[in-house]
Amino acid sequence: MILWRLHGCCARLLTTTCFGTAASNTSFPTAWKPLAQHFDRLSGLCIEVQRNSSFRMPETVENKSNPELYSPNPDVRGMTILDRAAFKKTITVPVLKVKKEIINRLLKSLKHMVLQQAGLKRVIDDPEDEHHKLVLLDPHKMSSEGSLGEADRKILKQFDIIPELSKHDVEFTYDCFKAEEIFQAVLPEGQDVTSGFSRVGHIAHLNLRDHQLPYKHLIGQVIIDKNPGITSVVNKINTIDNTYRNFQMEILAGETNMMTKVKENSIQYEFDFSKVYWNPRLSTEHSRIVDLLKPEDVLFDVFAGVGPFAILAARKKCRVFANDLNPESYKWLQHNCKLNKVDRTIQVFNMDGRDFLRGPVKEQLTEELSLSTKEKKNSLHIVMNLPALAIEFLDVFKHLLDGEPCSSNLLPTVHCYSFSKHDNPAKDIQDKAEAFLGTSLEGRCSIRLVRNVAPSKEMLCISFQVPADVLYKRQCPTEVSPEEPASKRLRPNGDSSEEKSIS
């Protein structure tokens, strides 16, 4: 139990950053990597330097007595409408006068002392001497007397530089601050400013907390300003609709266009984000399931959405039957099949999940399972990714098929997703699955933690072969494989450290 919760904690640390993007395998960069590139382009636009005085300094230790030195102007606290000019702030920093021809070599030796602030040049022109440059130094690396250390003085001596520093006023503007620094300065002190957002093409999708809502439009605009490529920010204002798996959203800043393009696992998808379900945090799970498949295997995707499981499997030369009840998802599923040139290997349906299982899935299972063990070389997989409801659909498998029970080696494997707020989520999901199937899955299933959705709410996947005595109306005779004992054959896969056995 402790290990399960510890894993959940680690998952939260790995998937959420302060106003940063969830880790995924999409082609889109994380929120902070392009930030540095953005600031490099802005470099030098936000400083104004004036020379004031000179003084000599004898000794250096790191001094962080003023942690607010690089923070935005404190007057922005409580701001709800973004006023970029209000972030302007002037601080005094030490600078070193250096000949132009030795700047690059000196910077390599003194990089630990140089001011590293986004949006600011480390080296500026000396307004009084065209043959020299001024190197901005970090006041935090100086002693309370503002001195250079003995080691730094030796470095300067090697370059024949007199250790004489000057004071300069440096103006910090809105462009100099990171999004996190702006949020910390604006939101009330003592309140959590962290909030993850998902990047879906040009759209940043947030789930703001109640105390952040008065600042929602400011937050949206800052995210656009600080993340190149993001042109629209939306906030979810209700839970996902259980019927069509979409949700109402409010546009906080930027354009209203919700038509977007994403790339996941080297596959392109296009859709209207306001009308379908898409979660970039599930990229790893999509590839994990498809990695279990071999070419010519059959995949039934009961709640396919716009196709992240189905198209990836079709690319692997599997036969795919994909369904979604939402007409918009069905439309974009067809579109993405054509876009990725797999429309001839995927059969697409627009049906209720139960009707899909009782119709096309039953028909295909009957055909596949009628083949003898020698004739059949492929395996069957059924993906049910509707965590709020999918587990309730498991009762459809009870006596779904007629005819003689098949060999247990041929039975379809179900991968069913569910949410749990239980103290023991693995036991919770197994108990629910067993209740709907009407049989025990003990020793015959594996349960994997997919991700932490919210505090005390987990998303899990339970995988199992549908027992023959559940799937068929007639009872299945006891079978024992000649290659291995039944107990071993029924043992769940123990390769994953995230399976139920850790709970």
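Positions of Cβ are set from backbone N, Cα and C atoms, glycine also.
TrEMBL lists 1-22 with the feature signal peptide.
Across all of the domain 'SAM-dependent methyltransferase TRM5/TYW2-type' (197-468), the predicted model scores a mean pLDDT of 93. If you look up TrEMBL, you'll see 197-468 marked as domain 'SAM-dependent methyltransferase TRM5/TYW2-type'.
The number of other CB atoms found within 10 A of the CB of HIS286 (S-adenosyl-L-methionine binding site), across every protein chain shown, is 24. Taken from TrEMBL, the feature S-adenosyl-L-methionine binding site covers HIS286, ASP324, LEU325, ASP352, GLY353, ASN385.
Taken from TrEMBL, the feature region 'Disordered' applies to 477-503.
Within 10 Å of its Cβ, the residue among the binding-site residues LEU325, ASN385 with the fewest other Cβ atoms is LEU325.
The binding residues for S-adenosyl-L-methionine are recorded as HIS286, ASP324, LEU325, ASP352, GLY353, ASN385; their greatest pairwise CA distance is 22 Å.
Across the binding-site residues listed here (ASP324, ASP352), the residue whose Cβ sits among the most other Cβ atoms within 10 Å is ASP324.
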